[in-house]
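I have a structure I would like to understand better, so I am pasting it below and will then ask my questions one at a time.
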Amino acid sequence: MMGQRQHVVLLIFSAFLLFQTSNAHNVTRLLAKHPSLSTFNHYLTLTHLAPEINRRTTITVLALDNAAMSSLLDKNPSIYTIKNILSLHVLLDYFGAKKLHQIRNGTALAATMFQATGVAPGVSGFVNITDFKGGKVGFGAEDNGGSLNSFFVKSVEELPYNISVIQISKALPSVVAEAPTPGPSELNITGIMSAHGCKVFADTLLANPEAMGTYEDNVNGGLTVFCPMDDPFKAFLPKYKNLTASKKASFLEFFGVPVYQSLSMLKSNNGLMNTLATDGASKFDFTVQNEGEEVTLKTRVNTAKITGTLIDEQPVAIYTIDKVLLPKELFKAALSPAPAPAPEEAADAPKGSKSKTKSKSKTKSKAAPTPDSDSPAESPDDDPADQVADDDNAAMCFGAERLAVVGLSFLLVFFSL
């Protein structure tokens, strides 16, 4: 009987370990076992695509051998153009060798990481996959006139249904992906924002040389911008104009983060994030949280949701948000409703208690400004609200460890039977 229990425990423990590691993969390690793909592997690292691939699940990498990469590099594309081209070779779906030869109706259209960046117009970020008779499988960029001029060579590595690395005969030609891509210092970030629904914020930023200079100084090293859409920012402008000059600069800088954060990074790295306005005691930070595919930015004053991607090209990412996110350093949070009177008080003097509560509420409303006020927040940094936020972040960080403890506890119960 004891032997059977131990066998069950071992099976459960093995399943637990499988669950813990099932979503883990490292594309550079997988490719490192294949010297003929070393150049392709090198550029996945150089363009920072490798970490993006590793953060995703259910993905297919169309690898190019060293000869195919040499043909691509002979055109002397910039590193940013190379990133676009290789992004087109990363499919956001799983295609192992078996699935390639079992495509329903013989053809499939797959979205790519290039399409997910938001800079690929129309169908230019999609790849057509066609299973021809005789076992031949062709690949072609959808914006290439339907030409399928690259073909399946072999399966390199497969971790069903997590990641598949397959070799194709040559790079997928795409006019859009191969177009010269400006370096980060050449990017017109306010122009990008203005053209995609954030013109009011962009114009306000341009009108503030101090804040604009801070953004420009951080473009090359890494910059992520969360720009409020026109309607909410336009409604907020009267309050913005009431801020002092220094507060205006800090407020605008609050919407920039001095590191590059792709959307997948934001979805996986929950917690506090510093901004361009962060300076010593002036925290000017916010908390990144996500639920499913929804990513929100939260301060003690309000919460905004990411609604779109304007550009996501290392080292710059720009996202739209649905509200004007308010830093606690400049705006106060709304007061919580006054607690209801105890049952005994309500029973003894219902009218008096109600009147008294109402009076207290009015007094508090006059004493403290609303969230729209531009008065500096007075709450200490280590007050209960901050402690709650820290506790939430700690819970996120140690979620995996707690899961491990639960699994091990489960095993101990079996051993004790």
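Counting starts with 1 at the first residue shown.
Using the three backbone atoms N, Cα and C, a Cβ is placed for every residue, glycine included.
Taken from TrEMBL, the feature compositional bias 'Basic residues' covers 353-365. Taken from TrEMBL, the feature compositional bias 'Low complexity' applies to 366-378. According to TrEMBL, the feature compositional bias 'Acidic residues' maps to 379-392. Taken from TrEMBL, the feature domain 'FAS1' applies to 24-172, 185-325. Under the heading region 'Disordered', TrEMBL lists 338-392. The signal peptide feature in TrEMBL is assigned to 1-24.
Help me picture these features in the structure, burial and contacts included.
The average pLDDT computed for the domain 'FAS1' (24-172) is 91.
Each residue in the domain 'FAS1' (185-325) gets a DSSP state, and the totals come to 53 helix, 41 strand, 47 coil.
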Looking only at the domain 'FAS1' (24-172), how are its residues distributed among DSSP helix, strand and coil?
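Computed counts for the domain 'FAS1' (24-172) are 53 helix, 40 strand, 56 coil.
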